[in-house]
């Protein structure tokens, strides 16, 4: 597997990581726009959210956003040695499968990630940066997908 362009990823992530909760909220708002059927998967204390806005303002869901952004941060930190995260990512895959997330939904998450990066970076989100992030995200999903196969 060819590694993504590490410096493009690190440079762009520096900007995003200044406000991870804000940018993570953009990512999830886009995700719920593209795939509203995911909303019912997010329940905390048996509470079902009535709208994406309700979910996105929940303290429990904001914690989930923080965790997702930390996983992305770990991938950026280890961009040149993603194999060091393989077991962790496979475990995340198992957790997502257990709560009913379909592997196919990670394609929509990827689209939402690219959307968030474009909104955050503006003109600095070049085609090369997009390609690097697509490659990194693809490698992360490949590792997480091992959790669906029970490996």
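First residue shown is number 1, and so on along the chain.
Placed from the backbone N, Cα and C atoms, the Cβ positions cover glycine too.
Pulled from Swiss-Prot, these are the features on record:
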- 64, 96: heme b binding site (BINDING)
- 1-149: domain 'Globin' (DOMAIN)
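Taking the binding-site residues 64, 96 in turn, the residue surrounded by the fewest other Cβ atoms inside 10 Å of its Cβ turns out to be 64.
Secondary structure by DSSP for the domain 'Globin' (1-149): 112 helix, 4 strand, 33 coil.
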